[in-house]
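Engineer: Sharing the record's features from TrEMBL:
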- 116-129: compositional bias 'Acidic residues' (COMPBIAS)
- 40-107: domain 'Histone-binding protein RBBP4-like N-terminal' (DOMAIN)
- 1-30: region 'Disordered' (REGION)
- 106-134: region 'Disordered' (REGION)
- 251-286: repeat 'WD' (REPEAT)
- 298-332: repeat 'WD' (REPEAT)
- 343-377: repeat 'WD' (REPEAT)
Amino acid sequence: MAAPNGKPRTCETGEPMEAESSGSSQVYLPGRGPPLREGEELVMDEEAYVLYHRAQTGAPCLSFDIIRDHLGDNRTELPLTLYLCAGTQAESAQSNRLMMLRMHNLHGIKPPPSEGSDDEEEEDEEDEEDRKPQLELAMVPHYGGINRVRVSWLGEEPVAGIWSEKGQVEVFALRRLLQVVDDPQALATFLRDEQARVKPIFTFAGHMGEGFALDWSPRVSGRLLTGDCQKNIHLWTPTDGGSWHVDQRPFMGHTRSVEDLQWSPTEDTVFASCSADASIRIWDIRAAPSKACMLTTTSAHDGDVNVINWSRREPFLLSGGDDGALKIWDLRQFKSGSPVATFKQHVAPITSVEWHPQDSGVFAASGADNQITQWDLAVERDPEAGDTETDPGLADLPQQLLFVHQGETDLKELHWHPQCPGVLVSTALSGFTVFRTISV
């Protein structure tokens, strides 16, 4: 169905969303209708996707980041090329890897074949070979599972900050890994002779245990925040010579694990945090760490607040919690303690949220219910459209819900590609998925 702003609003999914049985099909809405019956299966509606690819890398990845590349902004022409940095969660500590992935030759969804001659079939087979997606992978051994990966450019030098389950935060230089995934010969040499020698350029072991929260400042090159499961947040300041000074005095305020951190995109010294203590806090690093908390919403969610994301275009903070709720906070009204919007489509904890980098009202979320949802704050249901009369099951859907994607197992994290509008990448136990829907 079409939304009033002209964007298609759909609930077809990624490996999934129509339930088929006995030759008939119907839209499947997770948590909002009868469960699948015997003989029914979920079938992907390819017409709901512009692009859809999956990749596996061996051990699953809990976290990844998309690397901003030199191929240009606002890339819509297919096939696509993209670069990811990811860290594994393997069964044994010594089996883990920090990985650089180059995914390329990513074509769009192919239109259904038309009936034709044998010559056309041969052309289709050749075309199919040319359209195969490609993956290059450079891996570095890492002792311990990697909880979170965040990439930043320090001038011309790409680096990854990673949180290890072993309780330390490390910074790795990525330039060599980026080089070798572009050159098959260099990649073979790297994997044979170099990968075992790659070490972090800096390590901080001052946290009292493991953690997940980590964010590079988008405004001050090299400035980093890390937060742990012991409720402490530390500020990293870059020093001359490519190192860091980590303030040993933690920012005090949270009473349980710090789950996520986000720097303000407009102010050099301001950041936000969320915690398993159910609160969201706003801080200013110009104050002493024990006095730096400026604003607090103590009960932001019913339970743990797992993830936050600060809009680059509006004074909005997006949060997701164990309660399955997605909340929008207007930072001009943060003192009120009330969100300006709350959305409930997910039926399990939210695992990742992110604003669209170009479209200020659009965001995406993933949940432990294996749904990825896309939303648009600008959408309002057209009373003359008559959607609800034709399909009563859609009547109680949030108006702003654009799309529900399924087909993944144990979803962990998602990111919009900053240079390829509408392209989403996710990681799950089932692997990576790269897709673009017709809705965004």
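Glycine is treated like the rest: Cβ placed from N, Cα and C.
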Engineer: Restricting to the same chain and to residues at least six past its boundaries, which positions have a Cβ under 8 Å from a Cβ of the repeat 'WD' (343-377)?
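Structural biologist: For the repeat 'WD' (343-377), the sequence-distant neighbours (Cβ-Cβ under 8 Å, at least 6 residues beyond its ends) are 3, 5, 7, 14, 30-31, 74, 304, 306-314, 316, 318-328, 397-398, 400-416, 418, 421-422, 424, 426, 428, 437, 439-440.
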Engineer: Pull the DSSP breakdown for the repeat 'WD' (298-332) and write it out as helix, strand, coil residue counts.
Structural biologist: 2 helix, 17 strand, 16 coil
Engineer: Could you put numbers on the helix, strand and coil content of the domain 'Histone-binding protein RBBP4-like N-terminal' (40-107), residue by residue per DSSP?
Structural biologist: 6 helix, 37 strand, 25 coil
Engineer: How many of the residues that make up the repeat 'WD' (251-286) does DSSP mark as helix, as strand and as coil?
Structural biologist: 0 helix, 18 strand, 18 coil
Engineer: What mean pLDDT score does the repeat 'WD' (251-286) have in the model?
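Structural biologist: It averages 98.
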Engineer: Count the residues of the repeat 'WD' (343-377) that DSSP assigns to helix (H, G, I), to strand (E, B) and to coil, and report the three numbers in that order.
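Structural biologist: Breakdown, helix to coil: 0 helix, 18 strand, 17 coil.
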